[in-house]
Amino acid sequence: MNMVLILAKRNLSIFFRDRMGVFLSLLSSLILLLLYTFFLGSQIADSLTAQFSHATDDQVSLFVTTWVFAGVIMITSLTTGLSGMNVFIEDKTTQRFNDFLVSPISRLQLTFGYLISAFTISVIMTVIIAAVGQGVLAANGGALGGEQLLSVLGYVVLSCAVFSTMSALVATFIKSSGSFTAVATITGTALGFLAGAYIPVGSLPSGVANVINALPFAQSAMLLRQPFTKDSLDQVTSGNAEAITELQTYFGIHGSVGDVDLSNGVMIAVMGIIGVVCVGLGAWRIGRSIR
């Protein structure tokens, strides 16, 4: 176990030493923030203001901000875990595995060193973004309460665990650093759509919405949006239960696939199963890559 931690620490050091790589791991999240700050946010706010005339501009703005930050956090949990696997790609392309294999380090130790470091990177970066989000909300009078923060933290850890193992599995099929950069760029761009973060899932055709809601990315975003938007949603709707349900469905705070309602338990179970499958396949594939 000590050797696994030493290897994970080495991978963490390499990742955080590359400041440009750290920045690029957050690029998709920053793009989403910029899109809503300068373009999309005002459109959604205007639509909500017209629908809920009793809500103040500040209340509407706070709801949009909480909804956006939940999406940003979800995207960060995946893109940073994927970027954390760049160390594995570099070790593979530079034949550094040969050095490891002549030392008293087993393939299993190397494998879990990569998995643990990717998960740790994802958690650290995502928690930092969540803290920034809490600071922004606090400055606007909408800081999350203790129970909400605990829920966010739990969902962050779950998302980071699932998406870092998924990233590890994907990384095993990549042959070069250039290919890895291309995959990371495409993933970051597509993720906003697949999670319903660029545009509300309720604005899409029902068939497309069902496909998106079935994906773990959208389910992770749903789980995170619930504690983030709880108070601001009540303010915008004045606690009207029917209006709350309508907005939760439209903005992907709650969802369904066909006639199947996606409860929190179902989404957590789905993500957990995906995580277990990916960690098993990812560990097997990484072990085979180390020659």
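From the backbone N, Cα and C atoms, a Cβ is placed for every residue, glycine too.
According to TrEMBL, the protein carries these features:
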type	residues	note
DOMAIN	20-289	domain 'ABC transmembrane type-2'
TRANSMEM	21-40	transmembrane segment
TRANSMEM	60-89	transmembrane segment
TRANSMEM	110-132	transmembrane segment
TRANSMEM	152-173	transmembrane segment
TRANSMEM	180-199	transmembrane segment
TRANSMEM	266-286	transmembrane segment
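Within the chain, the transmembrane segment (266-286) has long-range Cβ neighbours (under 8 A, six or more residues past its boundaries) at 88, 108, 110-112, 114-115, 158-159, 161-162, 165-166, 168-169, 172-173, 216, 219-220, 222-223, 260. Most Cβ pairs under 8 Å with the transmembrane segment (180-199) belong to 60-89, among the candidate stretches 21-40, 60-89, 152-173.
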